[in-house]
Structures are given as C-alpha cells and as structure tokens.
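What TrEMBL says about this one:
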- His164: active site (ACT_SITE)
- Glu268: active site (ACT_SITE)
- Arg63, Gln81, Arg86: substrate binding site (BINDING)
Amino acid sequence: FFLFLKSKIRGYCWIHISRRAPVSCRIRTIRLFGGQVTSWKNDHGEELLFVSSKAIKPPKPFRGGIPICFPQFGTQGNLEQHGFARNRLWAIDDNPPPLPVNPAIKAFVDLILKPSEDDLKMWPHSFEFRLRIALGAGGDLSLTSRIRNTNTDGRPFSYTFAFHTYFSVSDISEVRVEGLETMDYLDNMKGKERFTEQGDAIVFESEVDKVYLAAPSKVAIIDHDMRRTFVVTKEGLPDAVVWNPWDKKAKAMQDFGDSEYKHMLCVEPAAVEKPITLKPGEEWKGRLGLSAVPSSYCSGQLDPLKVLHG
C-alpha cells in the first residue's frame with residue numbers, strides 16, 4: 001500500500017490512497033478542503049461514491065463523497081447548514097495520538113482541524129478534530145473521528161454530527177435499505193414529526209429525508225441492478241439519516257443535476273436527536289465503516305441480508 005499527494009489545484013491538495021495490484025487497484029481520493037473523501041473505487045474501477053457533475057469547487061461545500069457535518073447537522077442551530085468543518089482547509093496530522101491497533105487496516109492518513117479566529121467568533125469553543133481515513137485489505141473504507149474539547153475556560157460544548165455519505169446507485173427506484181425496519185424516525189418532510197417505520201425495507205418513490213433514531217450498528221443498501229450491497233457500520237453515532245431529494249428539489253439545487261437524484265442515496269451515521277456534550281479535556285470518538293459486497297437476487301430474497309446479523 002502507498003500514500004501520495006496527487007495534485008494541488010488553486011491551493012487545495014488532493015490525496016490518493018491506493019492498493020498495488022497487477023491490473024487494478026482501489027483508490028480513495030481525499031480533499032484536504034473539507035477533510036472529505038471524494039472517491040472510493042472497487043477493483044473493477046467502478047466508483048462507489050456519488051459526486052454531482054455540478055459540484056462546486058472550493059471554497060464552497062462540495063456535493064458528493066463523504067462530507068463531515070460538524071458542529072451542526074442541517075439547520076439545527078445558528079451556523080451555516082451542516083456546520084463549517086466541511087468548508088475549511090484541514091491539515092495532515094503527522095503525530096496523532098495512537099488509536100488501538102487494527103490488523104485489518106493496511107493504509108491510512110490522519111487529518112486534523114482546529115478552529116480559526118473567525119470560527120471562534122461564530123462558535124466560541126476551542127477543539128481538536130482528528131480524522132483517520134483508512135483502507136482494509138479487501139478495500140473496505142473506514143473513517144474515525146475524534147473530537148476533543150480544548151476550552152481553557154472550563155466550558156463544555158455540545159454539537160451534532162454526521163458522516164454525510166453519498167452512495168452511487170444504478171437506479172434509486174431499484175434500491176432497498178434494510179436494517180431500519182420498525183425503527184422510530186423524525187420526518188423532516190413533516191416538520192420533524194416522529195413516526196415508526198412500517199415496511200420490511202425502505203424503498204424510494206419520492207423525496208425522503210428521515211432521521212432514524214437509535215439505529216442499529218449495521219445497515220445494508222441493496223442495489224438490485226448492480227447486484228451490489230453496501231454494508232454501513234457505525235460506532236458512537238446513535239442515529240442514521242436517509243436522504244434523497246427526488247426531482248423537484250434536485251432541480252432547485254444549483255450544485256446538483258436535474259436527474260442525478262436517480263443515481264444517488266445518502267445513508268448517514270449521525271448524532272442528531274441528542275447533541276453530544278464534551279467537558280474540557282473530554283474526547284468523543286465516532287466511526288463509519290463501509291464495504292461493498294456482491295449480492296444476488298433469488299426468489300425475492302437477497303443473500304447479503306446475512307450481513308445484518310453476521
């Protein structure tokens with residue numbers, strides 16, 4: 001495995017992490033602006049993350065990949081939508097505090113974000129946000145966030161958070177999300193009213209914007225046409241956001257193609273309903289794990305349902 005700086009465009013660096021292979025390799029591309037993974041490919045060179053063809057370049061937020069929502073998710077506060085972390089230049093962290101050894105990880109890069117003077121005017125709290133982006137031997141992708149309260153005045157702070165993951169799918173009408181059945185959710189289309197999921201899976205026929213509460217640690221996104229299942233695992237993040245803008249909202253977004261909603265789905269490990277609170281010196285850790293496995297469709301059932309209980 002190897003890590004290298006790929007390019008520097010308009011002052012913003014991109015990092016590639018890839019796996020040596022005779023014919024093909026898995027590549028993860030990371031934008032230092034936003035600390036954002038923007039590409040995750042399998043051994044066949046197929047892109048697994050969605051990026052809009054109309055994504056705006058820095059210094060604006062980038063539509064696609066895995067944006068980091070911190071210290072605010074959505075509009076649940078006084079900051080810009082989804083907070084400022086996705087709209088700041090991160091640095092490579094050359095000497096991060098150690099994480100537990102994981103033999104499955106074969107390559108990684110550590111990033112760090114600290115607040116600027118302008119950030120402290122908007123959100124008056126000092127913090128260190130460390131992000132490890134790692135690859136497993138089989139091409140699995142993981143993101144581990146560590147946020148520490150470094151206030152020197154004794155004040156705690158609270159925040160909401162999400163890994164705003166955009167998955168690339170063949171056709172949203174042929175996609176199912178499993179693992180969230182019977183879960184309570186807040187429906188952002190209905191003023192955050194609380195409901196209970198009734199179906200045996202989530203399917204998509206119109207705009208969806210829901211926050212599933214106390215969601216399980218593992219969720220499956222099953223793409224029938226691609227015969228592929230994404231397995232999403234999470235730690236330290238109680239909720240899971242599911243979002244697709246559908247046609248009307250897609251047309252209203254400047255940085256989103258009119259028909260691109262058909263080929264994307266966001267499933268986002270998050271802490272939304274109950275903000276996380278840290279006292280000075282305390283640290284929180286949250287983890288997102290992604291894998292893509294083949295799936296087959298037979299007699300109305302998908303083999304990878306086993307992954308939810310494996």
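Placement of Cβ uses the backbone N, Cα and C atoms for every residue, glycine included.
If you take the C-beta of His164 (active site) and look for same-chain residues 6 or more apart in sequence within under 8 angstroms, you find Ile66, Pro67, Ile68, Cys69, His82, Arg86, Val241, Cys266, Glu268.
Taking every pair among Arg63, Gln81, Arg86, the residues listed as contacting substrate, the largest Cα to Cα separation comes to 13 Å.
Same-chain neighbours of the substrate site beyond Arg63, Gln81, Arg86, judged by a C-beta within 8 angstroms of the site's C-beta center, are, in sequence order, Pro61, Phe62, Pro67, Cys69, His82, Asn87, His164. Counting only same-chain residues at least 6 apart in sequence, those with a Cβ under 8 Å from the Cβ of Arg63 (substrate binding site) are Val51, Ser52, Lys54, Ala55, Ile56, Tyr166, Met253, Asp255, Phe256.
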